[in-house]
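Student: Let me give you the structure first, and then I'll get to my questions.
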Amino acid sequence: MSTYIRLPRSIAGDDVVLNLHVCHVVDDVKFSIERLLHIPKENQSLFLNGKPLRDDQNLGDINPKKRVKLHLFLRFKDKIKVCVKSSEGPGGMIDLEPTDTVESVKRKVSEKRGVPPEDVELLIPGELIEDDHALAEYINRLSTRHVIVQLLANASMEVHDLCEPHVPLCTLEASSFCTIKEIKERLRDLHGVAPGLQKIYLHGNLLDDDCTMSSIGIENALLLKLELHAIGKVYVTAEGLDGREVVFPVISSYSCDRVKTMLESESGVPRSNMLLKCGDTVVHSKGLVSDYVAEDTALVIVRHKVGLKVFVESSTGEKFEVNVHPSQTVKELKAIIADCSGRPAVHQRLSFNGQLLNDDSVILEYSSDGLTNGSTIHLEGFINVAMTTTWTFPIDSQETVGQLKAKIYSKCGYHISNQELYLDGKLLEDSTLLPQGVPEAGKRCLTLKVKTNVTVISSTGKEMTFTCHLTDTIKSIKKKIHQEEGERSKVANLVYRLEELEDNKSLMECGIDDKSSVTLTAEVSSSKPRRHRPSWSSRRR
């Protein structure tokens, strides 16, 4: 009596359908097949368009035509486990190999069931397998499966900060009649934030759209620091079907449904295959983008657009009014003062409430210190004088070089009669006016030279007196002695207070000042000319 063994059907409808992401690799496909069909990964070979696929290939890389579904073919390398059913009892699992014949399969069933091989008949639904050719076709069909990979993609929605921490978002100029609504519209044009999604605060108070700059004190303050509460620029990043990243901006007032439509258009991935998240939250089609992203805070600076009237008071009590724009720099203010007072900008030092104003600073920056309409800025003239170091002296209008020398005497102790002031190598007369007489002195400094009398007594007892500067070196003094003694003299050493003086040091470095005459001892030697000695041959003659 025959025992009929039914093998499972293997037809085109037995497709393997997998849902995987674009970022997955071929090895992930094999792992999914192993979980579904219990076929080890090492026993699988995957093909696309007749070409074998490597395990490390990305699904996006093998999809240059951006298809939503990848049609792969799976072939088994070795044994195939199939479940068989008996017409006379429970079935079991047997292993089929590509080289199996009808007889070898019957033997496997016989060993499994204990039935003689000649009593075993192999069936698939509607077909009796009687020869090896039919079995080979069956095994070939069973060992080749069609795998459909439906590609899924992830997308993320991120909001960028309105600006960096502690950095203003922008600086706007506004008139007294400018409203908060107009400020919001300008912020929309600059940063793409819808006016309806903006909230503007001043000192913690929410400002209405019809509120004017004048009503919140811009005329006195010159500068207002407004706090903007809004959502920054939102960007959506998505995986394309070819593995490339797609990034595009959206506005917080967009609906989520509109964003998903844009996603499908930009990436080519159907909405049903796309998962959009904002952080860890899944974004659904209902609602707005603003429902998923958080508000940010930024500083908006609004400057008064009109001019500013301030008073300038010099150290001599002279006071005058100047008009300046708050956005101008202190350097530009100095140029305006120069036109009004005749004092060159390079000789001006400006201060307000004891604080020195920096040339590169904008006048508006000092509004927080109280600088506003009608404020008084203090003007102090100055000039730089350099010798071995540089000193800065305040000067007034119509001050002369002689008066500056008196200040140098008070500060440094150099007698007025011993001072010489130079500009670009030119000696300045005491009657020369400062700073009008030397308009570029503030940039290049005046050079101060201090005279002193030096008396030198040579080793032969000769006394010589020279007028020198304190910055002259000992080497230059030796040169003067050499010129006085004649070409045949040689100055070996100069001694002051029993100490030998070094050539490269100045008189000042040697402790010599201009208050008294200084006596130096010089060791001077003279070189006598050699007498010509006749040669031996000339003596014989």
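The backbone N, Cα and C atoms fix where each Cβ goes, and this holds for glycine too.
Annotations per TrEMBL:
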type     : residues : note
COMPBIAS : 528-541  : compositional bias 'Basic residues'
DOMAIN   : 1-75     : domain 'Ubiquitin-like'
DOMAIN   : 80-138   : domain 'Ubiquitin-like'
DOMAIN   : 179-233  : domain 'Ubiquitin-like'
DOMAIN   : 308-379  : domain 'Ubiquitin-like'
DOMAIN   : 383-440  : domain 'Ubiquitin-like'
DOMAIN   : 452-527  : domain 'Ubiquitin-like'
REGION   : 521-541  : region 'Disordered'
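Any idea what these are sitting next to in the structure?
Tutor: For the domain 'Ubiquitin-like' (1-75), the model's pLDDT averages out at 78.
For the domain 'Ubiquitin-like' (308-379), the number of residues in each DSSP class (helix H, G, I; strand E, B; coil) is 22 helix, 26 strand, 24 coil.
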Student: Within the domain 'Ubiquitin-like' (383-440), how many residues are helix, strand or coil going by DSSP?
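Tutor: Across the domain 'Ubiquitin-like' (383-440), the residues distribute as 15 helix, 21 strand, 22 coil.
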